[in-house]
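According to TrEMBL, the active site, proton acceptor annotation covers Glu323, His324. Taken from TrEMBL, the feature NAD(+) binding site covers Tyr125, Gln187, Asn210. What TrEMBL records for Ser233, Gln255, His258, His324, Asp357, Glu411, His416 is substrate binding site. The Zn(2+) binding site annotation in TrEMBL covers Gln255, His258, Asp357, His416.
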Amino acid sequence: MKTITLNPGERLAAGQLPRQGVLPAAIMQSAQAIVDDVRERGDAALREYCKKFDGVDVDDFRVDPKLMDEAIQAVDPAFIEALKKAAAQIREFHEREVEQSWFTSRADGTILGVKVTPVSAAGVYVPGGRAQYPSTVLMDCIPAKVAGVKRVVMVTPPQKEGGISPYTLAAAKVAGVDEIYAVGGAQAIAALAYGTDSIPKTAKIVGPGNAFVAAAKKIVSGDAGIDMVAGPSEVCVLADATADATVVAADLMAQAEHDPLATCYLVTCDAAFAEKVQGRFAELLAASPRAEITSASLADQGVVVVAADLEAAIDAVNVIAPEHLELHCDNAMGLLGKIENAGAIFVGPWSSEPLGDYVAGPNHTLPTGGTAAFSNPLSVQDFITRSSVICYTPEGLMNDAPATQTMAQAEGLWAHALSAGLRRKMVEEGLEGFDGVDLGDINRIAWPVDLTAPKKAE
């Protein structure tokens, strides 16, 4: 791991971090070509890409729903129990996020409010590369169902034999997925965004994936809603000497084993503790079945920040704005209020980040690459639209039309003012409409009062 030592009064700079947020131009170009091809040729293009990238000939992309039931019977019952526990806790957490439509009225009878509507269909991308991710199925599909989405569609790359992992299928059953299609990569994102003969399009697309999936989501984002353009996974551990070095090392490795590009940060004021943590890696890696990936991530993307004091350490955390943040330090809960930027915060020594990955309840689809400074975890809000509702009475119109016309005149928008002015005239003169009515000086209907020009500074 690379070490950055901050001297007293020195702040961590964003430029010192191994950010993975910018998608390479070559990947964007390749993804654009795939998206355009699928949009133009539909299923034919999908079949070609499945053969090219997954090595599979696919006749029917739709996965038979009965395979979900068969998967429930095929996997270990302990896994099903774990799925059900996780699903229940994820559902309970996200039910607290549900928004209801609301309305209010003024004394003049004007009604204002917000109408909340679930999106018509949500597409969920579930990776199938280096590992299977049934947890992603739960995390991304359950909030959609809680939001009231009637059609939740899952896409995931087929395995070499053409099927889908039983773990993934079982999770889809528990999560209440409505449709599954065996297709992955940028081509799957294009199919969800634009539709093909086999795969009807969806209004929203969520879920993590590789760089090509992220690029495709970015490309289609003007035609379908997306949750975020996610990069490689990240963890930041803020620790002091009260933390256990072996546990901290394991927590860093838990993120590193995802991907060679996964980024791991250890922020501490104790250089000796940082060395102690790094000294634990060799023993733990020797037992890891994913040692090669983990080692590459720690070596190439791992960063230790040694700060001069706790204030500088917390500032460094906020600059990093990590996807996952662990507070392994004394008075961890007391520090929570000082954390401004983090996707998920794991407070105290017992709050293992993998608990949040699987069963705690809050969503594990989180902003990466520093975007936690302005973005949010996946939630029920990602699967709804909010429409403002405005309903005026004649009395309400008469109260607000003059100010509306004045502001429209200041902006030079004549027809805006006329729209309100015509209604005002109808109320004032008891008119039902303007058929056969002489409008007279129409400019006075629009702009009944001449605004004084702004005074010039002397």
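Numbers here mean position along the shown chain, with the first residue as 1.
Using N, Cα and C of the backbone, Cβ positions are placed for all residues, glycine too.
All TrEMBL annotations are machine predictions without curation.
Listed recorded positions: His258, His324. The one with the lowest count of other Cβ atoms within 10 Å of its Cβ is His258. Remark: of the binding-site residues Gln187, Asn210, Ser233, Gln255, the most isolated position is Asn210 (fewest other Cβ atoms within 10 Å of its Cβ). In three-state terms derived from DSSP, Gln255 (substrate binding site) belongs to a helical segment.
Rounded to a whole value, the Cα-Cα separation of Gln255 (substrate binding site) and Gln187 (NAD(+) binding site) is 27 Å. The number of other Cβ atoms within 10 Å of the Cβ belonging to Glu411 (substrate binding site), over all protein chains shown, comes to 10.
Highest Cβ count within 10 Å among the recorded positions Glu323, Asp357: Glu323. Listed in sequence order, Val155, Thr156, Gly184, Ala188, Ile189, Leu192, Ile205, Val206, Gly207, Pro208, Gly209, Val213 are the same-chain residues at least 6 apart in sequence whose CB falls under 8 Å from the CB of Tyr125 (NAD(+) binding site). Between the alpha carbons (Cα) of Glu411 (substrate binding site) and Asn210 (NAD(+) binding site) lies a span of roughly 47 Å.
For His416 (substrate binding site), applying a Cβ distance below 8 Å and a minimum sequence separation of six or more within one chain yields Thr404, Ala408. A gap of 23 Å separates the Cα atoms of Gln187 (NAD(+) binding site) and Ser233 (substrate binding site). Annotated pair His258 (substrate binding site) and Asn210 (NAD(+) binding site), C-alpha to C-alpha distance, rounded: 12 Å. DSSP assigns Tyr125 (NAD(+) binding site) to a strand in the three-state reduction. Listed in sequence order, the residues Pro127, Val155, Pro157, Gly184, Gly185, Ala186, Ala188, Ile189, Gly209, Phe212, Val213, Ala216 complete the 8 Å Cβ shell around the NAD(+) site centroid, once Tyr125, Gln187, Asn210 themselves are left out.
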